[in-house]
Amino acid sequence: MSALVVAVVTLPLVAAGVLLLLPRTPGATAVRRWAALAVVVAVLAATAALLRTALQGAPAEAAAGGWPAGVSIVLRADVLACLGVLVTGVLVAASLVVAAGTLEDREPLFAPLVLVMSAGVFGALLTTDLFNLFVFVEVMLIPSYVLVALGRRGPGGGRLYVTVNLLASTVFLAGVGLVYGAAGTVSLDQLRGAAGDPAVATAAGVVLVALAVKSAAVPLHSWLPASYGAVGPAVVVLFSGLLTKVGVLALLRVWAVVFEGDTRLAWVLLLVAVATMVVGVLSAVGEGSVRAVLTNHMVSQIGYLLVGVGLATVAGYAAAVFFLLQYAVVKAALLAVSAAVEVRDGTGRLSRLGGLGRREPLLALAFALAALGLVGVPPTSGFVAKLQLASAAAQAASWWVLVAVVAVSLVTLVSMLKLWNGVFAGAPPRHDQEDQEDQDDDEGLRDQGGGVAVVVQQRVPVAVLAPALALAAGGLVLGVWAEPLLSASTAAAVQLVGGAP
């Protein structure tokens, strides 16, 4: 099984190198597209086998070069890592399909960059030490910088994205160095419960701050909506499932392992979590475009995830894992709908949309299912996830957190109704001279500097609509048949704190 662990990381890297050798011809685009999808499917199959082993209490692992733990690069496919790889792999596949519909994958570098980024994500989820976590996160980020540059929607958001992540990476590396200086190791196995030492706790706190920034937690969250507006629609689907999710899962692992049983800082994390929920949802309500509303909701949902982490209980960790898995699917569905709207109408501004429900009923259905999941309406997976978070908060007697979860859900409903009314209900607006300002704002969707961010099409491409419908339906299925994923999430939480699943 150790060979499968290595293959999860190396297969995308090798495939990316091979795809870079293909010529820049139209025929090669299809080859790159199908080859990248085949690689992702192979990774998903390998991870499914690894998850089965992990659930039996014997996670597979691989040590580079046969060196002992603490010296070699150790990759371990525990339940949490396998679940993370599975959901991110599904979203990588979805983004590749969406890119075929939006024509973003005509860029020869697109598929190789996505595969390299995926390898970094998978490695970050599987690694067992802080330094290699830093390395794999950087492997993930470097191709993401190029994907942002390929978006051609103006440099502002891209600059902010690169600047914030470079600063966070610097803090991250400094924190890893401080941990090594205080504890003499960066192996998470050897750091379990080490936060009892104030020096280690301080050093690990620096790492947590860096991961919180990469997760887009308040107050350093504004980079996410600004930068995600600077990339193509398919790249937003990709980023939504990878970047911040890896940050949260890494934060969960470091917190649960290093601060095992030490809840002195839990109140700080809970305060940040609730602030992130509230700021994100209020920002979303005030936005005027589909993508801006959804990307601000990404900030809000990160707050929900941090609530589960901050509760510092097995129930809280399990709720956070389940929430992340289902939310990644639901949010990707909504962003695929946003991509479809941009491709069809050439804009995402609510003032220039309307009546799309009658013209694209299947797209409206996908939005409705995913929006209900985001709000948390029964029987969607969002309802189950928020119920698990509320139950964990009640068990921990964190009543103010419970109130915040309910209140933010109600405001989320308001913002989803705003999108429904603005995009799918009513009649298409008349575009007269007064709309010129809105048209100017939409120029980022079109040709800038010799390239196109989105090619406007008369109908929603099947390659965009199908992933939106499939992901939205998946969110519903995860709610109706939630027990298997709930059991796996609980097993991940138990294994995370050192128990047997």
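Note that Cβ sites are derived from N, Cα and C of the backbone, with glycine treated the same way.
Bear in mind that the values here come from a model prediction, so they are computed numbers and not experimental data.
Going by TrEMBL, these are the annotated features:
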TRANSMEM  6-22  transmembrane segment
TRANSMEM  34-55  transmembrane segment
TRANSMEM  75-97  transmembrane segment
TRANSMEM  109-127  transmembrane segment
DOMAIN    128-410  domain 'NADH:quinone oxidoreductase/Mrp antiporter transmembrane'
TRANSMEM  133-150  transmembrane segment
TRANSMEM  162-183  transmembrane segment
TRANSMEM  236-259  transmembrane segment
TRANSMEM  265-286  transmembrane segment
TRANSMEM  298-318  transmembrane segment
TRANSMEM  362-385  transmembrane segment
TRANSMEM  397-420  transmembrane segment
TRANSMEM  462-482  transmembrane segment
- Item | Close approaches to the transmembrane segment (6-22) from elsewhere in its chain (Cβ under 8 angstroms; 6 or more beyond its ends) | 28, 31-32, 35-36, 39-40, 42-43, 46-47, 50, 62, 75, 77, 85, 108-109, 111-113, 115-116, 118-119, 122-123, 126
- Task: Using a Cβ distance cut-off of under 8 Å, indicate which of 34-55, 75-97, 133-150, 236-259 has the most pairs with the transmembrane segment (298-318).
- Result: 236-259
- Task: Could you give the residue numbers and ranges of same-chain residues that sit at least 6 residues beyond the transmembrane segment (133-150) on either side and whose C-beta is under 8 angstroms from one of its C-beta atoms?
- Result: 104, 107, 109-110, 113-114, 116-117, 119-121, 123-124, 127, 157-158, 161-162, 165, 169, 172-173, 176, 214, 227, 230-232, 235, 238-239, 242-243, 246, 250, 451
